[in-house]
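Peer 1: Can you keep this structure in mind? I'll have questions shortly.
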Amino acid sequence: MEKKEKNFSSKHSQTSRDKYDEKIDISSNMQILFEKHFIISNVQQDRQTYVLPQVESMFTEPPWQLNTLQKIKRDLNEVKGRLNNFNLSKWQQHTNRMNEAGEVVSMVRENIQAELVTQAWCKFYEIASNFSLVPLNEIYREVDSKSFKSVHLCEAPGAFVTALNHWLKTNAPDVQWNWLATTLNPYCEGNSYDSMIADDRFIRHTLKHWCFGADNTGNIMDLKNVDTLVKKSESLDSEGRILLVTADGSIDCMNLPGEQESTVAQLHLCETVACLHLLQKGGNFLLKLFTLFEHSSVCLMYLLSCAFQQVSVTKPATSKGGNSEMYIVCMNFKGRDYIAPYLCTLKYYYGKVPPVNAMFNLRDIPDGFLRRIEQCSKFFKFHQCRVIEDNIRTFHTRNNFSTSFIKRMISIKYLKNYRLKKIDSADEIVGREIIEKTNNQFMNKKFHVDSYNERCKSQDLEPEERL
C-alpha cells in the first residue's frame, strides 16, 4: 500500500513539474514572439560612422555575393523546400490554425472595434508602439502647430492609415495630421487582380487622399508617377512637414519562393528612392523587406543606414512566423541636403528594370556593417525555420486546446502591451460601420490550392492539358 501511495505521489509530482515546465515554455515563447528586433545601425552607439561612397562609384561593380549570406540562404531554402509537396490549401489552413497570433485581429475587432482592422493594421500598430515611429519629438518642436504629414506607398486597402489614425487619437490626440497614399489603382483596367490588393472599401470614401500618378495606374515603379506624388504631397492643404513615409509593397512570389528577395528587389529600391524624395529631416521611414542575402538588399540597407540615424529590423508578432516578411524601421532622416548628391543617380536606375551592376562596390561597405547583416540574417532565419519545422511536425496532429489557449494569451498580451482602447467614432476617418456596410467590388481573386511541385508541373503542360 505504501508503495502505491509513493508511486502515486511521484507521478503527481512529475505531472505538476510537467505543467510548470509547460507554463514556463509558453511564457518564454510568448516573450520571444514579441521581441524579434535587431538593430543594424545606431549613430549614438556605433563605434564606426557609416558614410556613403562617392557618387561616381555607384552602380559600377558587377553583382557580388557574400558566401556567409548565401550559406544562410541555402539553409533556409532547404527547410522551405520541404513544403513543396504539401497541398497549398491544406498547408495554409494548418499554418493559420498554428499561427500563435492568429486571433489578435479578431480580438481587436471585437474589443476595440477599430476602423478597417486587418493583419496589416495590427502589424503597424505594433511597430508604432514598439518604436517611436511617429516622431513626436520632431512634431512637438513646432510649438504653435504640432502637426505633420505622412505618405503611404503601396498602401491598399488602407490599414496602415487607419492604424496610424487610431494610434494618434490614442497616444497624441493634440497632434494635427494629414496624409496622402498611393497604390495600384483598383479602378484602372490596366491593373490585373493578381498584381494588386483589390479592396476599395476604404479607398472609395477617401479618394482625395489618394494619388494614382501621372498615368492613373498608381504604379510606384514608374518615375513620372513618383514625380506626380511628390508634387501632390507638397501641395497638401495642411501645415506640417512630411515626417513619416511607409512602404508595404510586395510581389506575388508563389511560383518562385526561393528567390523572393530578388523578385521584389527593384520594387524596394523604388520605394526607398521615392521616400528619399518625400521625407523631410528628422522623419522616419517604414519599409517591408524579406531576406537580406543578396547584394541588392545589403546595398539598400547600407544606403538606409547612411541616410538615417538609426536602422532596425523587426518582425511583428502579428506577422506569420513561417514567412520571411520583416520591416525596416529607419529613424531620424539626415535630410535632403545629405542625400541630394545621390538622388540623380538613384533616379537614373529607377523603374521596373533592375540595374545590371550592384549599387555599391563591396569594398566600400565596412566589414562591421556586413557582420551586422550576417548576424541579423541568422537571427531571423533561426526563428523562421523553427516555425516551419514545428508546422511540419504538427501537420498530421491536432492539439486544439493547447493552441487555442496560447492564441488567447497572446491576443490578451497584444491588447495589454500596446494599450489599445476604443476611440470615439467621430475621430475615425471614414467610420467602422460605414466600411463594414460597404461591399467590396473586387472579390474574384484567383486562389492557388495545388502544391508548389504540382504548379511547376502544370507550367510545362500545353494549355488544353491544364483544363
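Using N, Cα and C of the backbone, Cβ positions are placed for all residues, glycine too.
Bear in mind that the values here come from a model prediction, so they are computed numbers and not experimental data.
Annotations per TrEMBL:
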REGION    1-21  region 'Disordered'
DOMAIN    115-335  domain 'Adrift-type SAM-dependent 2'-O-MTase'
BINDING   Gly158, Trp177, Asp248  S-adenosyl-L-methionine binding site
ACT_SITE  Lys288  active site, proton acceptor
Peer 1: To see if you understand the setup: which same-chain residues, six or more apart in sequence, place their Cβ under 8 Å from that of Asp248 (S-adenosyl-L-methionine binding site)?
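Peer 2: Non-local contacts for Asp248 (S-adenosyl-L-methionine binding site): Ala120, His152, Leu153, Cys154, Glu155, Phe160, Leu286, Lys288.
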Peer 1: Compile a sequence-ordered list of residues in the same chain as Gly158 (S-adenosyl-L-methionine binding site), six or more apart from it, whose Cβ lies below 8 A from its Cβ; state 'none' when nothing qualifies.
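Peer 2: When sequence neighbours closer than 6 are ignored, Gly158 (S-adenosyl-L-methionine binding site) has Leu116, Ala181, Phe202, Ile203, Thr206 within Cβ distance under 8 Å.
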Peer 1: Per-residue pLDDT averaged over the domain 'Adrift-type SAM-dependent 2'-O-MTase' (115-335) comes to what?
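Peer 2: Result for the domain 'Adrift-type SAM-dependent 2'-O-MTase' (115-335): average pLDDT 93.
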Peer 1: Pairwise over Gly158, Trp177, Asp248, annotated as binding S-adenosyl-L-methionine, what's the top Cα to Cα distance to the nearest Å?
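Peer 2: Binding-site diameter by Cα atoms for S-adenosyl-L-methionine: 20 Å.
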Peer 1: Which residues does Trp177 (S-adenosyl-L-methionine binding site) neighbour through Cβ under 8 Å, counting only same-chain ones at least six apart?
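Peer 2: Counting only residues 6 or more apart in sequence, the Cβ neighbours of Trp177 (S-adenosyl-L-methionine binding site) under 8 Å are Ser147, Phe148, Lys149, Ser150, Leu164, Asn165, Leu168, Gly240.
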Peer 1: For Lys288 (active site, proton acceptor), just give me the three-state DSSP call.
Peer 2: strand
Peer 1: Count the other Cβ atoms sitting within 10 Å of the Cβ of Lys288 (active site, proton acceptor), across every protein chain shown.
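Peer 2: Around Lys288 (active site, proton acceptor), other Cβ atoms within 10 Å: 21.
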Peer 1: So, three-state DSSP: helix, strand or coil for Asp248 (S-adenosyl-L-methionine binding site)?
Peer 2: coil
